[in-house]
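Chemist: Take this structure, written in structure tokens, and hold onto it; I'll ask about it next.
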Amino acid sequence: MIASSKMLLSASILIYFLLNLQSSSAEIADCSFYDTVDISEGQRLSNGSYLYEGLLIPAHLTAKYEFKLLANGDKEQVPSHVRGCVCKLRTCVRFCCPHDHIMDMGECYANMTTEENELLDPMLNVTLDDGSVVQRHYKKELMVQWDLPKPCDDMFYLDNRDIMDEYTLFENGRLLRHYDQVYLDKSEYCLQHRTFGEGNNNSIRIIPHNCLILPSRTGQTVVMITSLICLVLTIAVYLCVKKLMNLEGKCFICYMMCLFFGYLFLLLDLWELSLDFCKAAGFLGYFFVMAAFFWLSIISRHYWKCLTNPCASMNIRSERAFLLYSCFAWAMPLALTGVTYLADNVVNNEEWQPRVGDEGHCWIYTKSWSAMVYFYGPMVLLILFNITMFVLTAKHIIDSKRTLRKIARNEGRIQKLNSDKQNYTQFLLLFTVMGMSWSFEIFSYLVQREKLWVNIFLVADYFNWSQGVIIFVLFILRRKTLVLFKKQIFPKQRAFSRSATQSTIESISQTKRHFNMT
């Protein structure tokens, strides 16, 4: 009898222990962690149910949890707390931070001020299961979930005032991103308040934040690194060959250096290697791209001036001309960079801000019309200037050649004109390459709201990234440059060739004299 009592007591203790163990580690049946809320601060009723923020949660929809879910799906041990499957009872709205926080650049900032609370628009458009759209107060009519893990570290927000950023929030918590027609569940986005500058007035709205869309970077990386290597090789050849270090060659080297650093900062941004100095990298990249355009404009004007007015160009020494060109080609992009920096810090309206370093990209923001003012606008003007210079130069070459043929057969002048024409044609190809690639970039910016055109202009992007390769092929892998490079690298071989030729001539002369004497 005593033994039976002991066995019964042991079994009761074991069952009690197992039940407690199960309840402490159990999850709510048929309820995702993303549909739960920590209700530990709610009122527990005698029947095991909870009263939380005016909502009665039955006991079978509650459980003790000893973990929290991480963004990658792993579980992290935390102190025991009670969670309720509230999203089965009321429409939930998934926040990134507590409801009285503001998010900016992916970071939460605590405790909104009274003034900020007055600016807050608390209403959300929610699409019901029947397709109708209703407005709901985020705090009074919805259940706020704020203790769920952030989807990722680098997030960007959707501002539905922009057609590219339109979205639909559904009653079941899913979000439709209109741009690419992708449905996101609550593990892939979160909502939070954000301050928007609108002229002299600010507003605070609840907007979704989702993870950055990162396409494959392999192709772009390979093309850009190859392009950078080709630019370095081209610069090295020009620095090595003395005959290429004329005024045009020096300007061309400056142009390639600007292109090199512009691409370098783009590559650093692509691989998120410039986040520690994001704004500085964005402004430096902007400066070098603008400087490349100004150096190309210098080259086009130089050829126009030399061919249309050779006397005037001869009066200016090469060193002095290069100094003047340098002052202009470096000062103008520096001034544009200064204006852009000033606007980025002074202008309050986001539509007119350059927003360098915004949304995790260390570059000028290209999704608004402000990019046309600070980036693409100056680019268009410089492209038009270059077109004008090259057209005028081409017209002069054609007219001059026609005139020389009519007047007399001045072989010297015709030969010089042909040489000038070859140099001009070479730089015309350079301008065509750069002008076309950046023109495609501008068109891509203008039609970025159309998904079809975005895919089409992806080819143009690769063309743009490969400019270094094209320059190397056009300017280095041509017979004239290769011959000059060979002579510069192997001067002894040239001397030996001359010596051998002279010895051969002398030998032939001696043989002739020998036969004559005979």
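Keep in mind that glycine also has a Cβ here, set from the backbone N, Cα and C atoms.
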Chemist: According to Swiss-Prot, N-linked glycosylation site sits on which of Asn201, Asn423?
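Modeler: Swiss-Prot annotates N-linked glycosylation site at Asn201; the rest carry no such entry.
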Chemist: Which of these links to Cys85 by a disulfide bond in Swiss-Prot: Cys31, Cys97, Cys108, Cys152?
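Modeler: Disulfide mapping in Swiss-Prot sends Cys85 to Cys31.
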Chemist: Do the topological domain labels in Swiss-Prot for Val346 and Lys395 match, putting them on the same side of the membrane?
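Modeler: Swiss-Prot topology: Val346, Lys395 on opposite sides of the membrane.
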Chemist: Which candidate in Asn111, Asn464 appears in Swiss-Prot with the annotation N-linked glycosylation site?
Modeler: Asn111
Chemist: In Swiss-Prot, Cys92 is listed as disulfide-bonded to which of the following: Cys87, Cys97, Cys108?
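Modeler: Between Cys92 and the options Cys87, Cys97, Cys108, Swiss-Prot records the bond with Cys87.
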Chemist: In Swiss-Prot, Cys211 is listed as disulfide-bonded to which of the following: Cys152, Cys258, Cys278?
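Modeler: Candidates were Cys152, Cys258, Cys278; Swiss-Prot matches Cys211 with Cys152.
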Chemist: Tell me which of Cys96, Cys97, Cys306, Cys311 Swiss-Prot records as disulfide-bonded to Cys190.
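Modeler: Candidates were Cys96, Cys97, Cys306, Cys311; Swiss-Prot matches Cys190 with Cys96.
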Chemist: A 10 Å Cβ contact count, applied to the disulfide-bonded residues Cys31, Cys85, Cys96, Cys211: which residue has the minimum?
Modeler: Cys211
Chemist: Determine which residues of the chain contact the transmembrane segment (322-342) at the Cβ level, with the cut-off under 8 Å and only residues 6 or more beyond its ends counted.
Modeler: 247, 250-251, 254, 283, 286-288, 290-291, 293-295, 297-298, 302, 316, 354, 356, 364, 374, 378
Chemist: Go through 221-241, 251-271, 427-447, 456-476 and flag the stretch with the largest number of C-beta pairs under 8 Å relative to the transmembrane segment (280-300).
Modeler: 251-271
Chemist: Residues of the same chain, at least six outside the topological domain 'Cytoplasmic' (242-250), with any C-beta under 8 angstroms of its C-beta?
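Modeler: For the topological domain 'Cytoplasmic' (242-250), the far contacts come to 299, 302-303, 318, 321-322, 423, 427, 481, 484, 488.
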Chemist: Six or more residues beyond either end and a Cβ under 8 Å away: which residues meet both conditions relative to the transmembrane segment (221-241)?
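Modeler: Distal contacts: 249, 252-253, 256-257, 259-260, 263-264, 266-267, 270-271, 462, 465-469, 471-472, 475-476, 481, 484-485, 488-489.
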Chemist: Using other CB atoms within 10 angstroms as the count, which residue among the disulfide-bonded residues Cys87, Cys92, Cys97, Cys152, Cys190 scores least?
Modeler: Cys152
Chemist: If we skip the immediate neighbours and take only residues 6+ beyond the ends of the transmembrane segment (251-271), which ones have a Cβ under 8 Å from one of its Cβ atoms?
Modeler: 217, 220-221, 224-225, 227-228, 231-232, 234-235, 238-239, 281-282, 284-285, 288-289, 291-292, 295-296, 298-299, 302, 322, 325-326, 329, 361-363, 465, 467-468, 471, 475
